[in-house]
Amino acid sequence: MSRNDASQLDDGETTAESPPDDQANDAPEVGDPPGDPVDADSGVSRRTFLEGIGVASLLGIGTSAASDDSLFQMGGLKPVDDPIGNYPYRDWEDLYREKWDWDSVSRSTHSVNCTGSCSWNVYVKNGQVWREEQSGDYPRFDESLPDPNPRGCQKGACYTDYVNADQRIKHPLKRVGERGEGKWKRISWDEALTEIAEHVVDEVEAGRYDAISGFTPIPAMSPVSFASGSRLVNLLGGVSHSFYDWYSDLPPGQPITWGTQTDNAESADWYNADYIIAWGSNINVTRIPDAKYFLESGYNGTKRVGVFTDYSQTAIHTDEWLSPDSGTDTALALGMAQTIVDEGLYDEAHLKEQTDMPLLVRQDTGKFLRASDVPSVNTDADRPEWMLLMLDSNGRIREAPGSLGERDGQKDYSKSIELDFDPQLDGETTVQTQSGRVQVRTVWAELRDELANWDPEMVHEETTVGKETYQRIAREFAEADKAKIIQGKGVNDWYHNDLGNRALQLLVTLTGNLGEQGTGLDHYVGQEKIWTFHGWKTLSFPTGKVRGVPTTLWTYYHAGILDNTDPDTAAKIRESIDKGWMPVYPEERDNGSRPDPTTMFVWRGNYFNQAKGNVAVEEQLWPKLDLVVDINFRMDSTAMYSDIVLPTASHYEKHDLSMTDMHTYVHPFTPAVEPLGESKTDWQIFRELAQKIQEVATERGVEPISDRKFDREIDLQSVYDDYVRDWETGEEGALAEDRAACEYILEHSEESNPADSDEQITFADTVEQPQRLLEAGDHWTSDIEDGEAYAPWKDFVQDKNPWPTVTGRQQYYIDHDWFLELGEELPTHKEGPENTGGDYPMEYNTPHGRWAIHSTWRDSEKLLRLQRGEPLLYLHPEDAEERGIEDGDSVEVFNDLAEVELQAKIYPSSQRGTARMYFAWERFQFDSDSNFNSLVPMYMKPTQLVQYPEDSGEHLHFFPNYWGPTGVNSDVRVDVRKAGGGDE
């Protein structure tokens, strides 16, 4: 049976209700009572047998005590040698058996942004994917930790349904109606690729190559598929979009304070902690494969505290639950920090060596005191303006080792932060500077003043959390041997998310809970980091010259939102762009003009559906794009609003790799079946598009074009040759196939092929069994050690290397002009913007849910059955009663931007005044032409647009998914009413 011709079982297959004809020998004889079959050997009918059992019961003959003969002496019962073999109507059992019968098994996984990276076995029968099953062969590396096997969730367990689903796109499609109208014409691959190629050649030849962009998220979930389009866009001189900041998954407080994108312990390390606070991380919903470590840690004596606004699915499994008001997590964290500091529960040695707390701050400017400020300091630093100063215990000014002034760039492990003197933590003095005598204080003194604002009365008033409760939690956290915070998206979705991140990080810093197993702040939101970094990077961006763009800013700018922004914020955005701190493409031309973007490729993502400011994206940005190409295995919202849709292979039809920072393994995708219909893998699609572009350019005689920004030429007549060439070895045609690209990543990555070792992980190794990575490369902060779970920050805490910040330490004081101007040089709590979306009484949140990974599985029939089958709005009972709303009513949630109709669900576990809709419902799943993001405006925070230092940016500089403005999903106001104005 061909999988292209049939997607379900034949109608004639047998069932328990309709036995096949070949069971005639088991049928009752003529004259027997209907429905009372007689066993062919014993001559005993089922009714007679049951009557006999009943008599035996009445006579008190227990089956456990009665002899074999006692039943048969009752008459009519005869022994049966093979009762199972002679039982009638048994062919139905073959259906069950056939479920566990297969022709082949392939190892694969799922390319979704969930951080799971779970290995699955995919079973094939008669050319059809029959089912999937979690593999159970992750190798154990520490017998004292819970078994890592198996990993998976209910979404992965029904991906088979997608393989032959009605949503599958089987052929190239061209739009013939309006965008979003759903009118398509089937075209050939040659027609599709030729039309796209001719458009691309036109754009590049006209110098508009930077008007071509590609959006695809999360390389770790399938790096070859990520690289497929990124590689071509890079060769064309086009623009690669960020994604981690766009989804508001990036915690900006981490690059601000620690100078890194993020680094986390693998989830197995949770078991090593004595104390865990799950803060805004609904582990039992969004981290299902890893939840076992959180749950089992309780059996290991770990105390688990939950901080959630609602009584969530994770809160019910914690020992204590704190419920601060929405958007007040920062105030709660600062209150806990104030308790720790005020009661002397901090780790003084850690603060002196590992943080900026002893550094001196000028009281006249708010800037760090630098060696260049003080004539009496004779420094050997190459950049004395970035050589920062401390006071030793005798009151003498000393240079802070590891400062940026003596380092060669952001990351320089040739220096050390180890101290040969005892610095003052709480110091204050007057210093003779180049401009006169200036009073200076330590950062610690400044921090204590800030924390004094967050006394118990203030914190309780702001958060409603009990004073004694949060103070006790703070003490317990500080006094635990190994304490850890697991932070989730619940902290990231707010406008002031950077302040929230910094405040939570402060708790682990104050208590010295960094740099060893069982400690740290683990931030798991999005599968953001890829282990095999170098191989992925050079595969994705072979020229080494990348036009990366922060997607939030790109969207904000081209959707016309900047023109409607408050003047102060708009001025900051323009200043950041003008100074080159944040790029926007297309670039400004010599005459001062800036073209509109013209071309967008989307693959492995659902940009249109997930876009904040969704109304502006549709009305302002989308009309500027002459060509939107979506590469997709299913018809989602972005595909609906595209011009050409190309069918790509499903997750069970291709070669690729999978990894995550939740564990230290790499494992593969392998094709269980051939791609459905005319679909091709992402790598094949972009490879063939490159080939078509080269053909068109050659026919036209298009000459190489000098890149305006980089020292390179864009040569369309060799773009296919360049695409399939191994740029590391120079071998021509080496990367023509997907599997070769997988091998390339593994071969060219330190994590899988260490330079100082004979060990190497090959693709074949991963097919045999998930492989634990051999080393941690340069973009990780600890080594992978045999026999222990990965835990970050050891490079700094144990090895004394400088942190990649201006100070060379964990940096809580940021003396950038914008931070000082906005009063955010230290972590503090601020209210969010007022009346975003309008002056309405309720907050609107869109958290991650249990039944989908972003929009994948949002249209799954099986999973829709678990959640009422349609979009839901969760309301507190009192909010619903106040509006005359009952469970199951159709309601409208609305603000100044849009109104969305959906079903109300009464949710007693939430706080009053909050309306929540789990995010990522597809636009076509709503009755109105809106979606969950239609209600959400787009706005950006100026502190996330800076470069620091302003002139060189070693600490904070735009790099895709490391530093850039985040999207904001919360801080939105709405109201709710019954649909139709309350009329029945």
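Just so you know, glycine gets a Cβ as well, placed from its N, Cα and C.
According to Swiss-Prot:
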BINDING   H110, C114, C118, C153  [4Fe-4S] cluster binding site
BINDING   D249  Mo-bis(molybdopterin guanine dinucleotide) binding site
COMPBIAS  8-24  compositional bias 'Acidic residues'
DOMAIN    103-167  domain '4Fe-4S Mo/W bis-MGD-type'
REGION    1-43  region 'Disordered'
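Projection of Swiss-Prot feature records onto the structure.
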residue : record                                                  : Cβ neighbours (10 Å)
H110    : [4Fe-4S] cluster binding site                           : 26
C114    : [4Fe-4S] cluster binding site                           : 26
C118    : [4Fe-4S] cluster binding site                           : 26
C153    : [4Fe-4S] cluster binding site                           : 20
D249    : Mo-bis(molybdopterin guanine dinucleotide) binding site : 25
Reported mean pLDDT - the domain '4Fe-4S Mo/W bis-MGD-type' (103-167): 95
Beyond the site residues H110, C114, C118, C153: chain residues whose C-beta lies within 8 Å of the centroid, for [4Fe-4S] cluster: T109, V112, G116, S117, R151, G152, K155, G156, I288, P289, I853
Conformational class of C153 ([4Fe-4S] cluster binding site) under the three-state DSSP mapping: coil
Top Cα neighbour of D249 (Mo-bis(molybdopterin guanine dinucleotide) binding site) in the set of binding-site residues H110, C114, C118, C153: C114
Number of helical, extended and coil residues in the domain '4Fe-4S Mo/W bis-MGD-type' (103-167), per DSSP: 7 helix, 18 strand, 40 coil
